[in-house]
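Enquirer: What follows is a single structure, and I will ask about it in a moment.
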Amino acid sequence: MPHSYPALSAEQKKELSDIALRIVTPGKGILAADESVGSMAKRLSQIGVENTEENRRLYRQVLFSADDRVKKCIGGVIFFHETLYQKDDNGVPFVRTIQDKGILVGIKVDKGVVPLAGTDGETTTQGLDGLLERCAQYKKDGADFAKWRCVLKISDRTPSALAILENANVLARYASICQQNGIVPIVEPEILPDGDHDLKRCQYVTEKVLAAVYKALSDHHVYLEGTLLKPNMVTPGHACPIKYSPEEIAMATVTALRRTVPPAVPGVTFLSGGQSEEEASLNLNAINRCPLPRPWALTFSYGRALQASALNAWRGQRDNAGAATEEFIKRAEMNGLAAQGRYEGSGDGGAAAQSLYIANHAY
């Protein structure tokens, strides 16, 4: 095998590694505020608010106006394209609002899932066309990391070898393109929680998918120290009759990661996958208390599980903005503790305990 020409200089590698480590500083995680216009329609309709650009801006402002308390628990915020170019009520760009808190700005760069022919309803993710140019522009506009989501589902016949291979290679192409532009790629192979499969089946599939992803990243010469992984936790399917404890979920999750994710990867930022706010915090806490060695930071990259209570408090009313922002800060602080294994539970049986599951979830 001939020696491959190094794709990145030592300076480029250092920049990528520094960005990745900053995002997953102990006790910090990611706010995923990258819901597409279509996803925001679902969120806003739940509270009876019209899905307009201005209402989306006002809602993002609720999250982004959080005070300096979030600095110690949020290391990065993932933006949607529209939000990257919006401003707050005072005319300050949202990007600057976030950067002024010492938080890094990320951008969702995929263009959604499309059917994968020759499979039983499986998908691949589009958006590689023009990605190089978009990454170069996003870097100029303040983004230091990116996110790309691939989706796999568990059934009797899925995920197929074809879907696993295709999605792993798409993620690797995306990661390589990001790194050439000084952007840290968050690699997100989400295995949906739809179905009645048990914990063991999800663990097996998660291991197979992650093994394929890291093989593809190696094939594409991706610099692992300058990446982050955004996987699902290993959980039973939503229709599974067996209930598992956070400790069982933690053991299955950490075992799957230990078997597949190289220690060179600086951090694993879990998606919440429709868990309730409280469940997502308790499971993350259990993962960080798991008695197995864990060479990576294990933290959060939550959307709904950081925002649900804030959204309910806001309800589209300017007068509620302050209270809604407080709800977001409270949840962010709880997850900051969970990322260190120091969360004791909120004892909140209310909104925070409500399932946020959406069948066949698409952003």
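From the backbone N, Cα and C atoms, a Cβ is placed for every residue, glycine too.
As listed in Swiss-Prot for this protein:
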- Glu188: active site, proton acceptor (ACT_SITE)
- Lys230: active site, schiff-base intermediate with dihydroxyacetone-P (ACT_SITE)
- Arg56, Lys147: substrate binding site (BINDING)
- Tyr5: phosphotyrosine (MOD_RES)
- Ser36: phosphoserine (MOD_RES)
- Ser39: phosphoserine (MOD_RES)
- Ser45: phosphoserine (MOD_RES)
- Lys111: N6-acetyllysine (MOD_RES)
Enquirer: State the Cα to Cα distance, in Å, between Lys111 (N6-acetyllysine) and Lys147 (substrate binding site), rounded to an integer.
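Expert: So the Cα of Lys147 (substrate binding site) lies 11 Å away from that of Lys111 (N6-acetyllysine).
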Enquirer: By a 10 A CB contact count over all chains shown, which of the recorded positions listed here is most packed: Arg56, Lys111, Lys147, Lys230?
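Expert: Answer by Cβ density within 10 Å: Lys147.
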Enquirer: To see if you understand the setup: which same-chain residues, six or more apart in sequence, place their Cβ under 8 Å from that of Tyr5 (phosphotyrosine)?
Expert: none
Enquirer: Relative to the Cβ position of Ser39 (phosphoserine), how many further Cβ atoms are located within 10 Å?
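Expert: That number is 18.
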Enquirer: Between Arg56 (substrate binding site) and Ser36 (phosphoserine), what is the CA-CA distance rounded to a whole number of Å?
Expert: 10
Enquirer: Give the residue from the recorded positions Ser36, Ser45, Glu188 that has the most other Cβ atoms within 10 Å of its Cβ, counting over every protein chain displayed.
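Expert: Max Cβ neighbours within 10 Å, all protein chains included: Glu188.
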Enquirer: Would you mind sorting out which of Ser36, Ser39, Ser45, Glu188 (the recorded positions) have a C-alpha within 10 A of the one on Lys230 (active site, schiff-base intermediate with dihydroxyacetone-P)?
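Expert: The recorded positions close to Lys230 (active site, schiff-base intermediate with dihydroxyacetone-P) (Cα within 10 Å), listed in sequence order, are Glu188.
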Enquirer: Calculate the distance in Å between the alpha carbons (Cα) of Lys147 (substrate binding site) and the residue listed as 'active site, proton acceptor', and round it to a whole number.
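Expert: Counting only the Cα atoms, the answer is 7 Å.
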